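Participant: Below are the features I grabbed from TrEMBL:
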- 723-740: compositional bias 'Basic and acidic residues' (COMPBIAS)
- 81-702: domain 'Major facilitator superfamily (MFS) profile' (DOMAIN)
- 510-565: domain 'Kazal-like' (DOMAIN)
- 712-747: region 'Disordered' (REGION)
- 146-164: transmembrane segment (TRANSMEM)
- 271-300: transmembrane segment (TRANSMEM)
- 320-344: transmembrane segment (TRANSMEM)
- 394-413: transmembrane segment (TRANSMEM)
- 433-454: transmembrane segment (TRANSMEM)
- 461-480: transmembrane segment (TRANSMEM)
- 680-704: transmembrane segment (TRANSMEM)
Amino acid sequence: MSGLFEAISAGVGPVTETRQQLCYSIGYMLSQQRNRLKVCIFRKMSNPPEQADERLTSQEALCLKDTGASKYQWCSTLKLFIVALSFAYFSKALSGTYMKSSITQIERRFDLSSSHTGLIDCSFEIGNLLFLVAVSHFGAKLHRPRLIGAGCLLMAVGTGLIGLPHFFMGRYKFDTVIQSAMNENGSISPCLEHPKQPITQETLLIPSLDIDAVTPEHITLDINTGCVKDPQSYMWVYVFLGNALRGIGETPITPLGISYIDDFAKADNSAFYIACLQTITLLGPMFGFLLGSMCARLYVDIGFVDTDSVTITPNDARWVGAWWLGFLVSSAIMLLAGLPFWYFPRSLPKQGEEHMVPLPPQEQPGLPDPHASKLADIAKGFVPSLKKLLGTPAYFLLLCGSVLKFNSLIGLFTFKAKYMEQQFGQSASRANFLIGVMNLPAFAVGIFLGGLLMKRYKFSVVSGAQFSFVTSFLAYLLLLPQFEIKCENSQVGGLTVSYNGSPQVSYEEHTLFSECNAGCSCSLGEWDPVCSENGITYMSPCLAGCTSSSGSGRNTVFHNCSCVMACPPESGSLSVTLGQCARNPACSRSFTIYMTVSVLSSFINSLGTTPGYMVIIRCITPELKSLALGIQTLVMRTLGGIPAPVYFGALIDSTCLKWGLKKCGGRGACRMYDSDMYRVIFLGLITCLSGSSYFFVVAVIVLLKKQFQREEDKTANPPTKQDGLELHPTQTEKEADRTADQTNGQF
């Protein structure tokens, strides 16, 4: 989703370029030549010849055309910087979206709840905000390309750290009756009478108990107190720390890269460059989801175990894909993306001008200027700049609205694939694949077309805000029909339906034990689903009342299942096979409709992304642009990026019908959700948060109209002639208009 707040929420915003007035052009050119000459003379006097090329700062860049001494001259062009920045954006977007696509795999591998994995996911925001304001404020005064290169290096290290726990953990073990219940003849007898199978910590017998009376704490008490927690169960901490390190590394890339482009690009090209950058960046999420899809199809221990012996499939709630592999690939790509930035100069030639754009004296550490830049001096201006920024009404309202919108976006983006898995019965691999090849390409095309429309029709600040609002609101309306696009809950005996096939009156009254399995020694903590021809899934062969089996591995079939007799299929077969039953054909049609609406919504929403980016910068003065981006990102990630995954995950956890159990007791990952409640809570939360943000965007548009009404009146009413004389504004009016034009202007 995008639009005005969606664009603002993404953390990447274009910044403006002040247009030069014709009456000052001659003086400006003479001033630049004089400053350039001073810098070159000073460097020749102060630096020995053998040290002249050791480092390339803004002073060397200023002298680059005359001396030709720089060995980095090959990369001293803005377009090459845009290419390098695009690859860096692609790489960080790839690693970020791969993290989102692996949420389900991480949840199952480490036996975590959704709120727990939400906390891991938001660690990126925690690491990011620790340094965001400092980098945004001080980074603009330092060597921006090298700071970006250092950020890419940190992101590569953090991404690699996330995948390392796999190599220090044991092989993944999932609950299955096949290995633990074989008799002497090689047949499996899940349903055994009490005398034939003693109660142990593995079987955990709790017969005739209502499922609601059985809590993880209850179960833990029955487990052998000698069980020692596996130290590897805390390996998720490394995932948390690695993701936080990714956030720290991402800090300089967004604000400093965009401001660097803006400082040396033509004003007319700035918006188009931003649109191209955003479009290329969206290839990162697309490839990230595709990488997630590929890795989710591979078994977690591929290369270490015989995958033919694995009895579960990617559609099983116990399946864990090779989540670690994608992080290692992402780390290598991120490392390569950061290399070019170490060779870019501190400043570049301004587009359309032969001379280099000099930095102000306070940003030129090589000049003997009494006002040379120091961090302490820079810090003195921070508080006044912050007050001036937050005192801008339009910016403050945008900030408030973007927090609400960002909450909904983070929740949607984090759990969208999981929603497709639980609501429509899709595997994690297929859900990630469809997002990557359908939603994101439509989103990218919309962003590019939005940038072209903005360049073609030269939207003003007000018209850009209105365009973003209209496209965003239309996409919001497409969210409402999704409440009725659904699939019914899977029929699971004792959970969603009774053993005779009738719907449960209430989930509070369900019980996993019935007359058909009363004589079996079954564990309520076991999740090893089997499917009958009657369309009902049973939580385990034992709870299905099966007494024998044939076949092996994935082809195992259980026979003489007494609970199947309670609702016999037309064929009369009392056998069940491994895995959950497939959803009915109507669910496939619903999923097709859902994807169509989702793709259309993504396209419409993205049309307003680029104009939305521009609004937040056009409503403030140019010198505050880097700080505005930093504060906006800090606030949204503090109030949206950190809490949203946690409370979205907690509400999703509340819809769980069957929890897995950890080795030594306690609640593990959820095995099955109530899909109806999941849909209502997930979509309802997104709808409420998004809808609330539009009150702020309407207020912003009203403020912008008032702020720029005078400029629009001037454009609509050019100078007129009276009695043969052309009437012009007074000199004071022209100066005021010039200031407004430099600050806001048109896109």
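Every residue, even glycine, has its Cβ placed from backbone N, Cα and C.
Given the structure is predicted, the values throughout are model-derived calculations rather than measurements.
What does the local environment look like for each feature on the list?
Facilitator: Here the transmembrane segment (146-164) has long-range neighbours at 85, 88, 91-92, 95, 99, 127, 135, 139, 238-239, 241-253, 256-257, 323-328, 330-332, 334-335, 337-342, 344, meaning same-chain residues at least 6 beyond its ends whose C-beta is under 8 angstroms from one of its own.
Same-chain residues lying 6 or more positions outside the transmembrane segment (433-454) and placing a CB less than 8 Å from one of its CB atoms are 2, 101, 271-272, 274-276, 278-279, 282-283, 285-290, 292-293, 416-417, 420, 426, 464, 467, 471, 595, 598-600, 602-611, 614, 747.
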Participant: Using DSSP, what is the helix/strand/coil residue split across the domain 'Kazal-like' (510-565)?
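Facilitator: Per DSSP, the residues of the domain 'Kazal-like' (510-565) fall into 10 helix, 12 strand, 34 coil.
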